[in-house]
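Structure record follows, encoded as structure tokens.
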Amino acid sequence: TVMAAPMTNDQSCFFALALGVSFLKCLLINAYHSTDFEVHRNWLALTHSLPVPQWYYEATSEWTLDYPPLFAWFEYGLSHIAWFFDKEMLVVQNLNYASPATILFQRLSVIVADVVFFYAVKECCKCLREDKGKDLLGKPSFILTVLLLWNFGLLIVDHIHFQYNGFLFGVLLLSIARHFQNRHFEGALLFSVLFNLKHIYLYIAPAYGIYLLRCFCFTQSNADGSLQWRSFSVVRLVTLGTIVLSTFAVSFGPFIALGQLPQVLSRLFPFKRGLCHAYWAPNIWALYNIADKAFSILGVKFKLLDINKLPKASMTGGLVQEFQHSVLPSVSPLATLVCTLLSILPALFRIWHRPNGARGFLRCLVICALGSFMFGWHVHEKAILMAILPLRCSSDVFCIITESTYLLGLIPLELICEFVYPLTVWQKTFPFLPLMLTSVYCALGVTYAFIRLYISLLTCSDNTKKIKTQ
């Protein structure tokens, strides 16, 4: 008989952390959930009950299917397990249906899907160079495991608010790990699958495209690090293209065959939702909005503007809709696209001319994620996770979290917003003010972090010794 090798201390610690956070998730099964719970219940119902040609046309619920087809198939698969818990959750007409069995199933589906995230974290830890002289608590792999598995933003968004971000980020982190391990075809396949699960990852696609073209399709560099054009591999490019196109064919192919591609795309990119989400993401547009608000107040006070001619302040009304700025030029989807592209171009230029291996790719990916968060159209607060989680895998994270003065400022801000402001006379007149102040304060921090990370990317040396590749 062959005896199984005993687990090392590192392995035991990893499984203890994974098991512990899983127990915590189970305790949150009956916690508050947002409207996204009903969103996903509706998607379970429509993919299970309706033929495929109706999936992207069904509109009984306001929460229509607006994820790529591969995620629709994921919901379709889950629906067959949901049938054993409560068949009524799979009826499209049962809006806002939330029986105990339905809650249990949907919560457990997120918890079980997080196994992908656990595996990805484990693979990311293998890419770190360990110092054997350090104790367990000081090892980079232990720190990374804690930062990822016990990320409270992810816990709140997935296991209270309700979504499947852990599963999706697991695919992303596994793709990143495969590139560090020089398994580039696998990394490309995983990202292609990820993009067809949730199209928000389009924002980091440029980092993948430039990195794979520069560091994989071109097989050699000159002694000074510049590109050696003769080393281009047509076979590698064609293979990568085949992987990507095959994934898209499986995902979108049936809907292209049905002539429904325009309908699917109209669901995936609904530009009429407005520049900002009802709860402002802490990005450049939060600062832009507050500047516009300040200018309009000053303009009215000094009689430079007519209050009756100013647009209604719908941007602070808590509604998801288009609105016009009062003083500053209103921002269009095209303007946000241009700003986003301009914000990531220097990072893409850097990894093309001085790639710095997978480490440079990771930094560029984080910059692309942050650039889209800073300048994108209708950005949700939770989109910051697309930058935060990959950033955990980079040594740059330790440069950012040491800004203690700014972080300490969050304490009085929250005390004022949660305890002092509700007692003031402004609570009924300006109910949005605490959220606005929080968004603006956090926007300043995110902007600072974005600049710091950019400086780190553009000034880093071509030293890759800190990362172990296989």
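The backbone N, Cα and C atoms fix where each Cβ goes, and this holds for glycine too.
Heads up, TrEMBL stuff is auto-annotated, nobody curated it.
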Practice problem: Would you mind telling me which of 237-258, 281-302 TrEMBL tags as transmembrane segment? | Solution: 237-258
Quiz item: Given pairs 6 or more apart, does the transmembrane segment (361-380) have at least three Cβ pairs under 8 Å with the transmembrane segment (97-121)?
Solution: no
Exercise. Sort out for me which stretch, of 97-121, 141-157, 200-217, 237-258, has the most Cβ pairs below 8 angstroms to the transmembrane segment (331-349).
Key: 200-217
Quiz item: So which of 97-121, 200-217, 237-258 has the most C-beta pairs under 8 Å when paired with the transmembrane segment (141-157)?
Solution: 97-121
